[in-house]
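Feature list (source: Swiss-Prot):
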- His121: active site, proton acceptor (ACT_SITE)
- Ala22, Thr26, Phe33, Arg34, Gln103, Ile105, Asp106, His121, Thr190, Ser191, Asn213, Leu231: NAD(+) binding site (BINDING)
- Phe33, Ile105, Asp106: nicotinamide binding site (BINDING)
- Cys129, Cys132, Cys150, Cys152: Zn(2+) binding site (BINDING)
- 1-244: domain 'Deacetylase sirtuin-type' (DOMAIN)
Amino acid sequence: MTGEQLAHWIEESTSTVFFGGAGMSTESGIPDFRSAGGLYTTQHDLPFPAEYMLSHSCLVEHPAEFFDFYRTYLVHPQARPNAGHRALAALERAGQVSTIITQNIDGLHQEAGSRQVIELHGSVHRNRCLACGRAHPLSVIMDAPGVPRCSCGGMVRPEVVLYEESLRSQDLDNATTAISTADLLIVGGTSLNVYPAAALLRFFRGRHLVFINREATGYDRAADLVIHDGLGKTLSAVQRAVMP
């Protein structure tokens, strides 16, 4: 019944926003960070703590180690969009989902066909030279034997948000606008423990707040509907109900 209720709310909504976290991509084989099987708990042979390896300080102080870690654990070229990504893209094409806000950096929403995507933490597919500002494809990062360099000699870094760095103000503004003007907000695959992204929920003033997560979160009681199940299974079922 919960899936049917969500499908009904999507059909009657004039602005549905999906706000997703790492759980959106785990079904594509990309590990998260904080779960029992996540990156922080499974990698013990690193030269520095995992959180430092993902920090601005590490990029500046130990760039070779940073990029070795980044290429090994943050970029997943074998990953493909899963059923949840595809369902959201289909719902967007049908005019039933207006915006996707993601904390993921893998670009799988766009690969599935979604167009209105706000990437709060950036993307592995956007890279730039710190010296001249030139944009570079992911291959420049992946194919470099060590620290990737631009033809000008500057270091090429990924446009992803590292620890000690702030989210882009334009992305935050766009996400705030999308959430504050939505009448249905679907939050999926996130424990809402990462700030400032999690704080965006306070801007929601719409009719229905829905959580889809395998595990309970501390925010469940604030939702109008909670579905403890996989995102791919849930969103596919909802898509079929909305688009028979």
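Any Cβ shown, glycine's included, is placed from N, Cα and C.
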**Item:** Among Ala22, Ile105, Cys129, Cys132, the one of these binding-site residues whose Cβ has the fewest neighbouring Cβ atoms within 10 Å
**Value:** Cys132
**Item:** Tertiary neighbours of Cys152 (Zn(2+) binding site) (same chain, Cβ under 8 Å, six or more apart)
**Value:** Cys129, Ala131, Cys132, Arg134
**Message:** Around the C-beta of Thr190 (NAD(+) binding site), how many further C-beta atoms are within 10 angstroms, looking at every protein chain?
**Reply:** 24
**Item:** DSSP state at Cys132 (Zn(2+) binding site), helix/strand/coil
**Value:** coil
**Complete:** Going by C-beta under 8 A and a gap of 6 or more residues, the same-chain neighbours of Asp106 (NAD(+) binding site) are Ser25, Ser28, Ile30, His76, Ala79, Ser123, Val124
**Asked** Cα-Cα separation of Cys150 (Zn(2+) binding site) and Ile105 (nicotinamide binding site), in Å?
**Response** 22
**Message:** Distance check, please: Cα of Phe33 (NAD(+) binding site) against Cα of His121 (active site, proton acceptor), rounded to an integer number of angstrom.
**Reply:** 14
**Prompt:** Distance between His121 (active site, proton acceptor) and Thr190 (NAD(+) binding site) at the Cα atoms, whole Å?
**Reply:** 14
**Request:** Could you measure between Thr190 (NAD(+) binding site) and Ile105 (nicotinamide binding site) for me? Cα positions, answer in whole angstrom.
**Result:** 14
**Item:** Nearest-integer angstrom distance between the alpha carbons (Cα) of Ile105 (nicotinamide binding site) and Asn213 (NAD(+) binding site)
**Value:** 19
